[in-house]
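A.B. asks: OK, TrEMBL features for this one:
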type: BINDING; residues: Y11, R28, R44, Y45, S52, Y121; note: Fe-coproporphyrin III binding site
type: BINDING; residues: H176, E256; note: Fe(2+) binding site
Amino acid sequence: MTTLGVLMMAYGTPRNLDEVEAYYTDIRRGRRPTPEQLADLVRRYQAIGGVSPLYEITVRQAQAVERVLNGQGGRFRVYLGMKHTAPRIAEAVAAMHRDGIDRAIAIVLAPHYSALSVETYHEQARPAAEKLGLELACVNQWHLEPRFLDALAARVEEALARCEDPRRAMVIFTAHSLPARILEMGDPYVDQLHESGEAVAKRLGLSHYTFGWQSAGRTAEPWLGPDLLEMLPTVAQDGYREVVVCSQGFVADHLEVLYDVDIEAKQHAERLGLRLVRTRQMNDDPDFIQAVADVIERARREQGW
Ligand SMILES: CC1=C(CCC(=O)O)c2cc3nc(cc4[nH]c(cc5[nH]c(cc1n2)c(C)c5CCC(=O)O)c(CCC(=O)O)c4C)C(CCC(=O)O)=C3C
Ligand SMILES: [Fe+2]
């Protein structure tokens, strides 16, 4: 049995505050941020303790997925490639090739597809693989993977259990906002976020839930709305006292969760007399890791590998 590669791709995070400028420049496709923009981002990293736990969590996720896949009788080797930091996606592909791997499944640690998110990872992976003659099967989305939905539902249930009156709490499913032009592009991102949220709501029989966007970029073009922060006053006006935020578009604790939700949104909520409870992130919890392994196994079967 030959070893099958798994190219596991994730966003990447600066390892320390000195790396923030280079990171931000990379996210902005080579345009350096203004001193004000940089200072604001540094301030947000400082507010969550100086560094984001994202890199360590991503490494643990990759190792755990490899363990589960191989424990099920497979022969996989997982390689981690980051979009904005080292080890880069192309480096991970090159490492696979050096190790003699000629087939790999490429998966992004983000469940919902958009041409402006998941596709940008594949756009780095595909040419790197082609150049080396490595066959790549790219997974576009996995937001409806049954055990992923189970994991998401379990976290919403657990967050509701932390509410004083779970039946009267509003659940808001969020994801990273994207430029609103994806709507004219026929992009499936918005529909997919509704699909996974609806599936969870159905599993739990939720009657009070809605959808919102978070962490929109600081650019001039319009972004998908409504923004979570703008929704909170309406939720308060409608008489809710507790709100559960499920950042379903993210699978780890990182800046967008630890700052944008835990600090910024929580402060907004408190000023409105709302208690905000956030669902726990997936990180390397076994139920989530099994779900990712299921996605990879499914892709392997579909390829006939
Ligand atoms: C769709 C999407 C995901 C989810 C899917 C996926 O995971 O891929 C995601 C995740 C993440 N985004 C992250 C960080 C940042 N994203 C930024 C900016 C942007 N994100 C965008 C999109 C996404 N981003 C876009 C279109 C921009 C604007 C770029 C521009 O200007 O054209 C900025 C710049 C400053 C700011 O705007 O806040 C930062 C610092 C971190 C790591 C946090 C940590 O370090 O813990 C993570 C996991
Ligand atoms: Fe981002």
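Even glycines carry a Cβ here, placed using N, Cα and C.
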A.B. asks: What three-state class does DSSP give Y11 (Fe-coproporphyrin III binding site)?
C.D. replies: coil
A.B. asks: Using DSSP and three states only, what is E256 (Fe(2+) binding site)?
C.D. replies: helix
A.B. asks: Looking at the binding-site residues Y11, S52, Y121, H176, which have a C-beta within less than 6 Å of some atom in ligand 1?
C.D. replies: Y11, S52, H176
A.B. asks: Between H176 (Fe(2+) binding site) and Y11 (Fe-coproporphyrin III binding site), how many Å separate their Cα atoms?
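C.D. replies: Rounded to the nearest whole number, the Cα-Cα distance is 13 Å.
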A.B. asks: Just the number: how many Å between the Cα atoms of E256 (Fe(2+) binding site) and R44 (Fe-coproporphyrin III binding site)?
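C.D. replies: For E256 (Fe(2+) binding site) versus R44 (Fe-coproporphyrin III binding site), the Cα atoms are 10 Å apart.
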A.B. asks: Including all protein chains shown, what's the count of other C-beta atoms within 10 A of the C-beta of Y11 (Fe-coproporphyrin III binding site)?
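C.D. replies: Total other Cβ atoms inside 10 Å, all chains included: 25.
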A.B. asks: Take the Cβ of Y45 (Fe-coproporphyrin III binding site) and count every other Cβ within 10 Å, whichever protein chain it belongs to.
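C.D. replies: A count of 21.
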A.B. asks: I'd like to know which of the binding-site residues R28, R44, H176 has the most other Cβ atoms within 10 Å of its Cβ.
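C.D. replies: It comes out as H176.
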A.B. asks: Taking only the residues the record lists as binding Fe-coproporphyrin III, namely Y11, R28, R44, Y45, S52, Y121, what is the largest Cα to Cα distance between any two of them, in Å to the nearest whole number?
C.D. replies: 25
A.B. asks: Around E256 (Fe(2+) binding site), how many other C-beta atoms are within 10 angstroms of its C-beta?
C.D. replies: 22
A.B. asks: Using Cβ atoms only, which residues of the same chain lie under 8 Å from S52 (Fe-coproporphyrin III binding site) while being at least 6 residues apart in sequence?
C.D. replies: T13, P14, Y45, H254, L255, L258
A.B. asks: Enter the number of other CB atoms within 10 angstroms of the CB of Y121 (Fe-coproporphyrin III binding site).
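C.D. replies: That number is 23.
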A.B. asks: Tell me, by DSSP, whether Y121 (Fe-coproporphyrin III binding site) is helix, strand or coil?
C.D. replies: helix
A.B. asks: Helix, strand or coil by DSSP: which one applies to H176 (Fe(2+) binding site)?
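C.D. replies: Going by the DSSP assignment, H176 (Fe(2+) binding site) falls within a strand, counted as strand.
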A.B. asks: Indicate whether R44 (Fe-coproporphyrin III binding site) is helix, strand or coil by DSSP.
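C.D. replies: Reduced to three states, the DSSP call for R44 (Fe-coproporphyrin III binding site) is helix.
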